[in-house]
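Some features that TrEMBL has for this protein:
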TRANSMEM  36-58  transmembrane segment
TRANSMEM  65-84  transmembrane segment
TRANSMEM  90-113  transmembrane segment
TRANSMEM  125-150  transmembrane segment
TRANSMEM  162-185  transmembrane segment
DOMAIN    345-437  domain 'Histidine kinase'
REGION    420-442  region 'Disordered'
């Protein structure tokens, strides 16, 4: 295959550009389907060519009249070629297309006046009217083309009396009414289609938003279920730890105490002392195992970290999840505490942070753990919107038991929980749990 020259490539590119411009323009002007492109680019020339041949074959009379007809045919072809075919960029300009259509109707009317068979060119006028003229200019264009078509159809009606003129007017009226009615129906159908497409697009968009919301809700539901399962597991582990501590461990401590008291009484025969020592040793080993079981049942955050480190980890994860800065501060010398005390303070911090995420609209949170004389203090302060007194109550069925559970847990350890807030001044949750030095030793 012979490669194209630079000139041939340029001509091909320009030809492709004109074809793309035509398709784009037909799709834009009047909202017409691009499949109608042949009706406005090929059909008018084909009809005009056939009518020109008919004129050459059937025209009888002076050569001058034939030349006038041929000149009008050529002018019509050149008008369509220059104003429409060669300049597709003009198709989207209603003013230019209006001038083109008016000139085409005038040329067609002049041809119809000379020979009635040129009335077959009026379908080309209709093609252009429906293809390129926007509403309401389309209605005026269709009416003008209908007048030309009616003139051609009434060519055989004599107009030398009132009856002839009445018949002529009736033909014109029928053409105008029928074609304008069709144009109106076509426009209303097109408008309804556009409205339907717009409504369907809105419905699709709404469905997409609804699906996105449902997906988000499903994700939140899964998170809530996971948190509920985790909370249930942790609560059950803590309950088991308390049961072991309060029953088995305390019972073993009592047994060890009684055995030691019996050994020290001096009334035990020497042959029994070895058994008492073995029983005491076994009780101590069982107590150590019970205490290891209690430690193993501590919350996950407290398994490998002290309370301060566990609070820092919880705060970091919450900050990443919600995009709110959290500053964690520990004051005083850290000292060991009972597992239930650690768990209560950890749960209080988690619930306070959860309330900040749900209600506060805060930009920062300060979490402070203080080891004070005789007590452990936990303060969670946010710079959010706050609330007045009394605090707003949760909606029925909407949850809201976190603060109540937090208070019950803290008060169950003989501690106190206070919530201080004011509109625009943020909220502070303060938990205080007794922690004497003797407790740490225990």
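Note that Cβ sites are derived from N, Cα and C of the backbone, with glycine treated the same way.
Beyond its flanks by at least six residues, the transmembrane segment (125-150) meets 26, 29-30, 32, 36, 39-40, 43-44, 84, 91, 94, 97-98, 100-102, 104-105, 108-109, 112, 119, 171-176, 178-180, 182-184, 186-187 of its own chain at Cβ-Cβ distances under 8 Å. Long-range neighbours of the transmembrane segment (65-84) within the same chain, counting only residues 6 or more positions beyond its ends whose Cβ lies under 8 Å from a Cβ of the stretch, are 40-41, 44-45, 48, 51-52, 55-56, 59, 90-91, 96, 99-100, 103-104, 107-108, 110-111, 114-115, 121, 128, 132. The DSSP breakdown of the domain 'Histidine kinase' (345-437) into helical (H, G, I), extended (E, B) and coil residues amounts to 27 helix, 31 strand, 35 coil.
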